[in-house]
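A short worksheet on the structure shown next.
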Amino acid sequence: MKPIEQTPRGIAFSKFFIIPQRSIVAIMGFFAIVTGYSQRQCLSMAITQMKFYRRNLFLQQGGEYDWTEEEQGRTLSFFFFGYLLAHIPGGMMGDRFGFKWVLNGGLMWSVTTTFLVPVTVYYTEHIGLTILRVTQGLGQGVIFPSLSVMVSHWVPKHERGRLGAVILGGGQIGNVLLFAFAGLLLDSFDWQWVFYTFAIVGATWCLIFVCVYCKLALICYSDPVTHPFIKPAEREYLVEQIGAHIERTDLPPVPWVAIFTSSKIYSLISAQIGHDWGFYIMSTYLPKYYNDVLNMDIKSNGFYATFPFIAMWISSISHGFVADMLIKKNYMNITNVRKLMTTLAAIFPAIFLVLASYADCDKPLVIIFFTLTLFTMGGYYAGMKLTPVDLSPNYAGTIMAISNGSGAIIGWLSPYLVGVLTPNVSFEARNQ
């Protein structure tokens, strides 16, 4: 989009905004991922009350649907088929047209599919639900690519660690809210209300995001130079720091050959896959593990499932501040900071996850090890998750789509394999 000249009216209106516009954009980006992740994970909690669960091949008390572990794994994991397919188109549209409408359209689609889950399950059970999960993934597949475009055009380099972690790490808070409130909802209401509640929350975000007055959006424009209500000083600062004068309509075609012949892109993909293998298993199967293996009731399940994700979010913000400090004071260059954070976020989670597998039925110890697993994973958001923005601000959405989309393959494969390899998930079977 072409830069606009600010009008006296716009400059006067900018005085009503106390905090910088880049902070407002970051806050809305944060809540975009919060709502997206909570909708994505609704099924992880609700499924514990939707289906019967098995103990030594006998059906025990549970929900109304008798689904095998493989069928449950399929409904949980096939979300990532649609998620993967939407990444490249979402990244390319974000790079060329700006992040705002791409992001809002994707989340509106996700809201609609979340709201339709109960009626789909009622009429078609796990088959229709699996198809609906694919379509839900299509909506959410544009979120990370479009938010990478947001970061590249709104966040200066020396602020990317902390603001990038706030925005891109919002999924952890989405998991926290989902697990906490879904546990309370499932204890008092039918499982359908989990989907209705979080669909309403997502719809509220979409309405605020596109809120308009006199044909002008009040908040969140795709660029500082197209924002009519940004303070002139902040606009000049961002243009100087980022070069926010890019005209997306004149953006050259995506240099696919240069991207796929670069060794950096394959390093990025390998780091993404390594992270997502552990993270998606944890985020998708943690409530089922607490329910099926540790025999937790639904309120305790929701409560304790929040611990690892709170820890990860706190850790991601802390690592972001450290990363920015190292860059700002020239202790390390950006490349080495990203490598350091990514390495730390890969080694220590693996150690604690293995230790958790040896904790057996010691619930406090299992919870501690799971919490430490995700706490030490927090550096990932100040590491490789920001690398697409560093590599190419002009094509940050496309590069994020390639790397995050590669991780989506693991997002499908890992939960599905858990369902296939553990047909009788119980503590007794696990000991055997």
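The backbone N, Cα and C atoms fix where each Cβ goes, glycine too.
Here the domain 'Major facilitator superfamily (MFS) profile' (24-432) has a mean pLDDT of 83 out of 100. What TrEMBL lists as domain 'Major facilitator superfamily (MFS) profile' is 24-432.
Look at TrEMBL and you will find 12-34 (among others) tagged as transmembrane segment.
If you look up TrEMBL, you'll see 76-94 (among others) marked as transmembrane segment.
Look at TrEMBL and you will find 101-124 (among others) tagged as transmembrane segment.
The transmembrane segment annotation in TrEMBL covers 130-151 (among others).
What TrEMBL records for 163-185 (among others) is transmembrane segment.
Among the features that TrEMBL reports, transmembrane segment is placed at 191-214 (among others). Tertiary neighbourhood of the transmembrane segment (191-214): same-chain residues 28, 31-32, 35-36, 38-39, 42, 45-46, 49-50, 63, 100, 103-104, 107-108, 110-112, 114-115, 117-118, 178, 181-182, 185, 220, selected by CB-CB distance under 8 Å and a gap of 6+ residues from either end.
TrEMBL lists 303-327 (among others) with the feature transmembrane segment.
TrEMBL lists 339-359 (among others) with the feature transmembrane segment. Proximity of distant same-chain residues to the transmembrane segment (339-359), defined by a Cβ-Cβ separation under 8 Å and at least 6 residues beyond the stretch ends, is recorded for 271, 274-275, 278, 319, 323, 332, 365-366, 369-370, 372-374, 376-380, 382-384.
The annotation transmembrane segment is assigned in TrEMBL to 365-383 (among others).
The transmembrane segment feature in TrEMBL is assigned to 395-418 (among others).
Sequence-distant neighbours of the transmembrane segment (365-383) (same chain, 6+ residues past either end, Cβ-Cβ under 8 Å): 161, 164-165, 168-169, 172, 271, 275, 278-279, 282, 286, 294, 304, 307-309, 311-320, 322-323, 337-345, 348-349, 352-353, 355-356, 359. Beyond the ends of the transmembrane segment (130-151), by six or more residues, the same chain brings 25, 29, 32-33, 36, 39-40, 43, 74-76, 78-87, 89-91, 93-95, 98-99, 102-103, 105-110, 112-114, 116-117, 120, 160, 163-164, 167-168, 222, 386, 388-389, 396-401, 404-405, 408 to within a C-beta distance below 8 angstroms of the stretch. Counting same-chain residues at least six beyond the ends of the transmembrane segment (163-185), those with a Cβ under 8 angstroms from any Cβ of the stretch are 22-23, 26, 29-38, 40-42, 44-46, 144, 147, 150-151, 155, 193-194, 197-198, 283, 287, 298-303, 305-306, 309-310, 312-313, 316-317, 319-320, 374, 378, 381-382, 385-386, 389.
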